[in-house]
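Have a look at the structure below, then the notes.
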Amino acid sequence: MELKAQQLIVLLVSMFIFTLGFGIVVPVFGYLTKDMGASALDLGLLMATMSLMQFLCAPTWGKLSDRIGRKPVMLIGLFGFALSFILTGFSTQLWMLFAAQILGGLLSAGIWPAVLAYVTDISSPEDRGKLMGFMGAASGLGIIVGPAISSILAGWGLTVPFFAAAAIALATMLMGAVLLPESLQKGKHISKGPKVALLDTLKTPLGMIFFIMLMVSFAGACLDGTATYFIMDKFSLTEAASSMPVLNFTMTLTGPNVMGIIFTIMGIMSVISQLAVGPLIQKYGEKNTMVFGLILVAVGMMCMPFSMGLATLVITVSVMGVGMNLVNPAVNTLVSKQAPPDRIGAMMGLLGSFNSIGRVLGPSVGGAAYMISMTLPYIGSAVIAAGCAGAMALMGKKLGAPGESERASQ
């Protein structure tokens, strides 16, 4: 199918609104759980719960999108996210939060595989890296605006951002239902997909890409699961305002303020890096772009525990964020090029499943490591990212798919 501007615009706007809702929730989630008496390990397990459900369900949703189309899978996922946010907002005990995460993960697991498959359906191989970057940039804009809105809404209560995020997810679902056409051509629908094809994929060099995606998401999830506690413990910041060093002066900030600033800066860097990733992939290839991104992740993670104030904290997190935003589109593009045309959704679901495994293990392992030492999750993640960069660099030309070899000079 030829690329249609209306499809791309609606998809970009949908991704912006969707991540806007997510960006509203993330900065206050740790404070909501702490008010319920949760520890860093509890928060890590809670964040891992939705990812566990996505790990279990993403391949099924991906294969289903190859059968019934991308659009219905995306709409069901958005409804699941909205329902999860609403239930979280009404939760008064920790077990209620776990129930909300389970239901949300079960229903929302198909969003990202369906979106990536949709982009693949409407793009040519030459333009795919650029379009994956555009999708990431739209997501980054949502992350920029979301925390700013969150800091305002949290003034009326920590649960208010969750209801706002639910409304945004429902608005995105309605917009997609009305304006987004189905991308999967009728001739490409399949009645069922062989499970063997997915298992055989793990035996190819592409299986290493799935494993690297797992490790990268694990490292990122270690940060997500402990960042709130790190900021509170490192700089003695809570919901109450206190002083924090910024270069050669201090500012009076609260913990949610700092989280909002960090996620806003990360969103800005995400937009910049995502707009650059398309040209980087075209010039250097997916593999080399991934290696460079992984090196940046390792550097940012290694330096984060040694941040002395807001400025250095923002710099280290930004370096790590740029790296992540180079790795993810490169992985998505590489997998989409090598997947059989009638198995795009299934392959993206498998990729999403590996991503979710990392997000299952990362918060819980990161939370446990944080209880041993507040620097351990970040130094450990840096070592993992550096190891992945080395493994990727050593893969040489093995990643070339039939008819879709990498354009990088290797």
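Along the chain as shown, residues are numbered 1 onward.
Note that Cβ sites are derived from N, Cα and C of the backbone, with glycine treated the same way.
As annotated by TrEMBL, domain 'Major facilitator superfamily (MFS) profile' applies to 7-399. Marked as transmembrane segment by TrEMBL: 9-31, 43-61, 73-92, 98-119, 131-156, 162-184, 205-232, 258-277, 289-307, 378-396.
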- Residues of the same chain, at least six outside the transmembrane segment (73-92), with any C-beta under 8 angstroms of its C-beta? 14, 18, 21, 25, 32, 36, 50, 61, 64-65, 99-101, 103-111, 113-115, 118, 159-160, 162-163, 165-167, 169-170, 172-173, 176-177, 180, 345
- Message: I'd like to know if the transmembrane segment (378-396) touches the transmembrane segment (205-232) in this structure, counting it as a touch only when three or more C-beta pairs sit under 8 Å and are separated by 6 or more positions.
- Response: yes
- Best-packed against the transmembrane segment (378-396), counting Cβ pairs under 8 Å over 131-156, 162-184, 289-307, is stretch 289-307
- May I ask for the residues of the chain that lie six or more residues beyond the transmembrane segment (98-119) and have a Cβ under 8 Å from a Cβ within it? 11, 15, 18, 46-47, 49-54, 56-58, 60-62, 64-66, 70-71, 73-74, 76-81, 83-85, 87-88, 91, 128, 131-132, 135, 183-184, 332, 336, 344-345, 348-349, 351-352, 356
- Please work out the mean pLDDT for the residues of the domain 'Major facilitator superfamily (MFS) profile' (7-399). 79
